[in-house]
Every structure is written in structure tokens, then in C-alpha cells.
Amino acid sequence: MLFLQFLLLALLLPGGDNADASQEHVSFHVIQIFSFVNQSWARGQGSGWLDELQTHGWDSESGTIIFLHNWSKGNFSNEELSDLELLFRFYLFGLTREIQDHASQDYSKYPFEVQVKAGCELHSGKSPEGFFQVAFNGLDLLSFQNTTWVPSPGCGSLAQSVCHLLNHQYEGVTETVYNLIRSTCPRFLLGLLDAGKMYVHRQVRPEAWLSSRPSLGSGQLLLVCHASGFYPKPVWVTWMRNEQEQLGTKHGDILPNADGTWYLQVILEVASEEPAGLSCRVRHSSLGGQDIILYWGHHFSMNWIALVVIVPLVILIVLVLWFKKHCSYQDIL
């Protein structure tokens, strides 16, 4: 019953009517993390993701789905979503209790975590692919492949015994999981893409600027090119000199901003006398083929230039208006 509850909890969220989608590769998946500190304290967290965009959360206190966007319901009705929330609450309780009952036989296991990633992928021109992966304390434990539960290599006897149990005594669970990740999940994903197409396919231009800081202990200078606020995620940023990419350019991870856009910084370490002639080039689909190029030594962005021009003009206009008003008041007197 433990894994039956677990599978239903993790996978019943996706569902809905069919819709059109034209993505070469796109996925929807649920991530769940169950933390067990001791026999009497446990906490579960859940979230739903469209590729790398979080679309759903789970409120553990109220036992409700959190819809992070106005299109996160996809094609589900409110009644269907209410039924799912009830299932989530019921199975969360049962899952937590059963895990604690098993873990109580060996107190040395506390604290521990169980992590799950389950969902589906759509590839252009191919059949949908479903996946269900379970980890224990961050290490792969088992996965669902085709119609069979498979233990991860080197996972030990625990995963092997669980997989044997699922494969031979819970055929109904296996069939349910197969249908959910191969049929229900793709339908929900297509509905989600249709409902959120304006958001998912939007183009947001990056803001770019340059900065520098000394390199500790080397006497070198670190030149930093920042690109922020862009969407979608794919972006190309690099340091150049005379149209040649500079070796030694270090790219950081592309990180999410709170508004769903992305941020990247690219660093080049140079001698203090070498920055002249360097530039940073930013290429993104939102720019329509017109790359942003920032030259070191001339690195006021257009926003800053506009600010430098506009602020004095605003001050001048305010002074003129105040002077006219003051003069008119004096004339009346």
C-alpha cells in the first residue's frame, strides 16, 4: 500500500483534455521531497514544473494546490482540481504514516529524505515518454522503465526487494502508473501549453551592463558582463576583442529571477593594463538578430545614457514651471 499511495499522490495531478502544442521538446514533472526527522515529525513538499518554470506548489498546512499562474489549471475544471486536492491530502497522510511505521523498526535511519521526480516528456514527431524516479537521501533508488520497476545500480537490497514486490504483487499499480505518465500526463501537458502559450512563448529582451573587481591575490582584474531579465532561457554571452572570442571566458550558471526571467554573468580575468579593446556581446532570440555589444571603457548602457539626459531636463522643466508660477504670483500682488 505504501507505494500505491505514493504513486497516486505523485502522479494524479496531471490530467485534462487534449490541446495542440508544437514544442520540439517539453516536459511536465512533479517534484516531491519528504523529510523525516524522527518518528513523530515529518514534512512533505511538492511542486509542479513546465520544463524549468514552476507552475504549481503545494500548501502543506491547508492541503491545497497552489496555482502560480492564471493558466496553471490547464484544462482541468474546478471540480476535478478539488477531487485531486482531496486525494493529495488523503494519500499524504497515509504515505507519511506508513513510512514512519516502517522506519520505526530502525531508529538509526533518522533523519532521512525521500525524493521523487515523476512526469512526462513530449518530443516532436515521437510518442510521449513517461518517467518516475525515486531517490533516498539524494541517491538513486529505483525507477519505472516501460512497464517494469528497476532498481538503480548499486542501490542495495532495499530497492531490489521493493521492485520485486511492485513487479509481482502490485500489477495494478504498475498499470496505473503506466497510464498516468504515458496518457494522463501528456494530455495535461498539452492543455497547460495551450492555456499558457502567451506566457510560455513570450520574448523578453535582456538588460546588459559591465562591472569589474580586483582578482584576489593575483593582481589581475575581473571583468564581469551581466545579462538579466531575458526570456526564454537560451542565451549567448561572451567577451570579445576584435571580433574574436576570448579564451578563458568563464560562464556562470543561468539563474532564475523572481519574475520568471533569467540572469547570467560572464567573467574574464585580464591584466590591469589589458582591458582596452574588449567588448561583451549578448545574443538572444528577443533581439531580432541585433546583438547587444558593450565596449569596456564605454560601458554606460543606453538606459544610463537616457537617465543622464532625462533627469537634468526634468529638473530644468520643474524650475521653469516654478519660476513662471512665482512670477505670476508676484504680478498679482
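Here the Cβ of each residue, glycine as well, is placed from N, Cα and C on the backbone.
Within the set Cys120, Cys280, Cys327, the cysteine that Swiss-Prot bonds to Cys185 via a disulfide is Cys120.
For the ranges 25-28, 109-112, 253-256, 329-332, the feature annotated in Swiss-Prot as motif 'Internalization signal' maps to 329-332. Disulfide annotation in Swiss-Prot: Cys225 is bonded to Cys280, selected among Cys163, Cys280. In three-state terms derived from DSSP, Cys280 (disulfide bond) belongs to an extended strand segment. Considering only the recorded positions Asn70, Cys225, Cys280, the residue whose Cα is spatially closest to the Cα of Cys185 (disulfide bond) is Asn70. Note: the Cα of Asn70 (N-linked glycosylation site) and the Cα of Cys225 (disulfide bond) are spaced 34 Å from each other.
Cys225 (disulfide bond) sits 36 Å from Cys120 (disulfide bond), taking the CA atoms of both as reference points. Cα distances from Asn38 (N-linked glycosylation site) to the recorded positions Asn75, Asn146, Cys280 are smallest for Asn146.
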